[in-house]
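Please read the structure below before turning to the comments.
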Amino acid sequence: MQKIILAAAVFGMLTGAAFSQAPNFDDPAEFAKQRDQLTATFNGPADQPYLQYAGDSMADTASFKKEGPWTVCFSNAGVNNPWRVVGYTDMTEEVKLHPEIGTFTHVDAEGSDDKQIADIDDLLAGGNCSVLIVSPNSTAALTPAVEKACAAGLPVIVFDRGVTTDCPVTFVHPVGGYGFGIQAAEHIIANVPAGGKVLMLRILPGVDVLETRASGARNMFKEAGLEVLGEEFTDGDNAKTKSIVEDYLQRGTIDAVWMDAGATAVAAVEAFEDQGVDVPVVTGEDQQDYLQKWRDLGFKGIAPTYPTYQWRTAIIAAVNTLKGEQVPSPEWILPQPAITQDVLDQYINEKMPPLHYAMCGCEDMPNYPQAWGGTE
Amino acid sequence: MSAQSLPQPTAATRRLPRINPVYVLVVALILAIIVMNPAFGEPTGYMNFLKRVTALAILSAGALYVIVSGGFDLSVGSIMTLTVIGSSMLASNDPNSTYWIIPLMLGIGAVIGLINGLVVSYLKVPSLIATLGMMITLNGVAFMWSGGAPRGYLPDTFRFFGRYNITDIPVISLLPIAVICLVVFGVILWWGMHRTNFGRMLHAVGDNQQAARLAGVPVERVRISAFVVSALTAVLAGVILGGRAGVSVDIGSGFELQAITAAVIGGAQLLGGRGSVPATIAGALALEAIFTLLNLLGLAQPVRLVVQGLILIGAVAFATYQRKRAGR
């Protein structure tokens with residue numbers, strides 16, 4: 001009897017936790033806002049997207065003005081995937097453009113909340129930081145650590161994933177997860193007849209920026225009358241992705257593959273190729289291997305982006321803050337363009353590594369392309 | 001009355017034929033898949049399935065050498081990762097590089113296996129810990145080498161083994177190169193384990209190290225060789241998996257446990273002394289068939305994980321129970 005009660009309690013906890021989290025990732029107001037921002041006009045120079053911002057709200061940072069040389073401290077969630085590798089390179093190259101930055105201190109949390117909280121504590125205790133940049137590993141866990149840094153009087157810049165406090169000077173991020181999902185879903189809806197079958201491939205459940213990509217797209221497919229064959233998790237693994245697509249292909253036709261991130265898009269395309277089936281609409285992201293596959297096979301692709309140039313913007317926001325200049329705030333929302341067929345060729349660069357993310361806004365930097373692993 | 005109450009173990013053993021339950025499991029799973037999805041019975045269906053399972057099957061058969069000798073090799077997944085990342089870094093899109101890269105990777109694999117074996121045999125570090133350390137080290141090396149993002153593709157000549165099919169063959173219509181590799185390496189590993197003196201010594205060491213030593217078996221050399229075989233098959237599995245799917249930064253992660261699972265489903269004894277190469281390959285087939293079947297059933301991912309775990313425990317428990325009843 002006790003066992004049954006225990007089992008029921010555990011089951012209740014599991015399902016309860018699932019239900020209590022689910023609604024956060026499907027917010028119609030946020031969805032509509034991001035949908036508008038995708039097509040909005042951004043302030044700032046059009047050829048330097050990493051300087052552009054939505055809206056007019058600015059923060060006055062005169063109180064943080066400081067003479068150089070500065071120590072810029074950066075608490076990083078991790079450099080544990082190719083997107084973050086490219087972003088971190090963007091950032092270190094941006095640092096080199098600012099002679100006022102005397103020291104750039106980077107601490108890598110290696111994907112652990114606990115380590116990142118300890119890292120921030122250490123940086124604060126060291127007392128050398130002029131400004132603290134944080135790319136949080138997860139939202140809820142890092143909020144208190146960021147609040148602590150604000151309370152210590154440091155200007156704080158948050159970017160990529162957010163925190164639930166508005167104490168930082170600004171939160172730098174592109175339009176967002178819904179926007180990414182919308183761009184991919186719109187492309188599929190435009191290219192697949194009603195009643196078409198869509199396979200949704202996702203990396204893993206439970207991460208806010210990925211959940212919102214999926215929930216936005218799912219709603220749109222429903223509205224457009226497309227049939228979602230399934231939502232499968234690939235763990236970002238090529239072999240698994242290929243197996244999943246092969247299995248679905250054996251059971252029937254697939255009219256489109258929607259992906260929440262592009263790292264395994266090429267594996268999905270290859271599954272069609274190797275079965276001798278025409279490649280349908282397969283969405284991806286801005287990494288070179290997908291862009292080149294798309295061009296070479298000529299299927300109907302699209303590459304929504306989560307631009308790595310936000311890593312540059314974080315440094316720029318820190319520099320502007322220490323100079324006492326105005327900074328877009330409480331959020332610095334960057335444009336989030338999608339690479340479409342018309343502009344595909346201008347983003348392909350065969351000399352860059354296959355997992356280089358093309359929307360890096362880094363082509364104008366002195367060490368491009370070598371610093372990103374490219375060849376002249 | 002009294003005659004009836006007497007236990008009759010001999011009758012019980014005769015009731016079940018002495019066939020390894022893993023073969024029954026594989027046949028049952030494959031039949032279930034065909035019922036669910038008749039397209040699986042077509043050459044593209046089952047050949048794709050075999051192609052997919054090749055890397056795990058070869059890897060498991062190699063890992064079995066270490067298991068039979070009484071150890072574990074947790075480093076095999078990281079060797080696969082290192083093979084794929086290293087090959088992509090070295091190839092730098094040159095199709096002619098394959099001819100020296102694969103031998104080089106096999107060389108690196110042999111050295112890794114040798115180090116594993118030496119650490120276990122002479123430094124007396126338990127194999128679980130020694131190979132866990134090796135796994136962490138190699139993952140670090142692969143990450144440092146690539147800087148987190150691989151800088152090259154695997155050329156088509158490299159991907160040949162895992163990706164390409166010979167087409168226009170009568171009856172089966174297509175034959176993946178990977179399936180040829182599976183048969184060739186499966187036979188070699190079977191021969192090494194079950195038809196050579198080395199294979200017999202391997203069983204002896206795993207069954208009772210002390211007795212084997214007293215009987216004149218060079219225990220250290222046998223154990224080191226087992227680790228080398230395991231590492232070499234991990235390189236081969238890496239070549240095939242990288243060929244099938246392309247480069248990812250953590251391509252081999254999780255394979256070490258899948259390999260052990262496949263061996264155990266195939267009836268291998270975890271503390272050594274018994275195990276069969278064909279049954280281990282069947283174990284790998286069973287494992288992959290479970291994934292495929294659950295996918296076909298269209299169950300949600302969490303339910304699938306639960307069912308998968310239960311089937312694994314059930315299969316191994318059944319194998320152990322049957323072995324006990326058979327008094328083996």
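Numbering starts at 1 and runs along the chain as it is shown here.
In case you wondered, yes, glycine gets a Cβ from its N, Cα and C as well.
Lifted from TrEMBL, the feature list:
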type     : residues  : note
TRANSMEM : B:22-41   : transmembrane segment
TRANSMEM : B:53-80   : transmembrane segment
TRANSMEM : B:100-121 : transmembrane segment
TRANSMEM : B:128-149 : transmembrane segment
TRANSMEM : B:169-191 : transmembrane segment
TRANSMEM : B:222-243 : transmembrane segment
TRANSMEM : B:279-299 : transmembrane segment
TRANSMEM : B:305-321 : transmembrane segment
* Asked: For the transmembrane segment (B:53-80), what are the same-chain contacts with Cβ under 8 Å, counting residues 6+ beyond its ends?
  -> 109, 112, 116, 120, 127-128, 131-132, 134-139, 142, 162, 176, 178-179, 181-182, 185-186, 189-190, 192-193, 202-203, 205-207, 209, 222-223, 225-227, 229-238, 240-242, 244, 251-260, 262-263, 266, 268-277, 280-281, 283-285, 287-288
* Structure fact -> Best-packed against the transmembrane segment (B:22-41), counting Cβ pairs under 8 Å over B:169-191, B:222-243, B:279-299, is stretch B:279-299
* **Interface present between the transmembrane segment (B:169-191) and the transmembrane segment (B:128-149) (three or more C-beta pairs under 8 A)** => no
* Structure fact -> Highest Cβ pair tally under 8 Å against the transmembrane segment (B:222-243), stretches B:100-121, B:279-299, B:305-321, lands on B:100-121
* Asked: Who are the long-range neighbours of the transmembrane segment (B:100-121) in its own chain, taking Cβ under 8 Å and residues 6 or more past its ends?
  -> 71, 73, 75, 79, 82-83, 86-87, 90-91, 127, 130-131, 134, 138, 158, 219-220, 223-232, 234-236, 238-239
